[in-house]
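Participant: Feature table excerpt (TrEMBL):
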| type | residues | note |
| --- | --- | --- |
| DOMAIN | 4-36 | domain 'ATPase AAA-type core' |
| DOMAIN | 59-102 | domain 'AAA ATPase AAA+ lid' |
| DOMAIN | 120-220 | domain 'Peptidase M41' |
| TRANSMEM | 219-241 | transmembrane segment |
Amino acid sequence: FEKNEGIIILAATNRRDYLDSALLRPGRFDSEIHISPPDLRGRTEIFELYLSKVTYDRNIDMEYLAKGTTGFTGADIENMVNQAALYAAQIDAPAVNMKHLEHARDKVLMGPAKKSKIPDHETNNITAYHEAGHTIVRYFNHDADPLHKVTIVPRGQALGFTAHIPSKEMYNRTRSQLLAEMDVMMGGRAAEEQIFGMDKITTGAASDFNQATKLATNMVILSFVTFLFIQAQIICFSKIIS
């Protein structure tokens, strides 16, 4: 093994669960380092780094941008800034500003706007009421994340969307916050029912149903696990004092 002395072997993967356990035995890959996406402070500094490479409006709020890009990696932020710079150049803007960055963020998250494929008036009308339902519930429910913007300009597979930005970096969620998000998810379907009646409800709420169902399922599972944990603690405590 003298020929290999001083050699360090590194490997990276996004799917650790796919790795053969034999690969992780001692003497092979001994150490594991989990690298998460950057936190709020990290994203703020990354925005500062990449915006410093272009001409930008000094009034841009870096922290606000960071709050609206939870889960973004450094590469995602670089792409967003590049997209914003391209958009600014296309419209002959003297500098990249918040409007250009918002445009780029929507493009990265939802895909390019399909303004050439605007639906007919009836579809637009239904979409507007649907998104208004999400918007109203989010606006008046104080346990939901603050409303950011709403649009019925088609992007990707969506005919419209309602965006939100957390007021701070969220590391966990309370039960009331999760229920509030489920309320928001079902707001679009509720609006369609109120305006058009039960027989005129569209399939536009299908993804909302799926998201709400997954969230509700996870809440039930976590509640059950918590219940079992508490029960186990009670049993252990009872044995100690008996």
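Each residue, glycine too, has its Cβ placed from N, Cα and C.
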Participant: Tally of helix, strand and coil residues over the domain 'Peptidase M41' (120-220) according to DSSP?
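Facilitator: Once the DSSP states are binned, the domain 'Peptidase M41' (120-220) shows 63 helix, 11 strand, 27 coil.
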Participant: Using DSSP, break the domain 'AAA ATPase AAA+ lid' (59-102) down into helix, strand and coil residues and give each count.
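Facilitator: Counting residues by DSSP class gives 28 helix, 1 strand, 15 coil.
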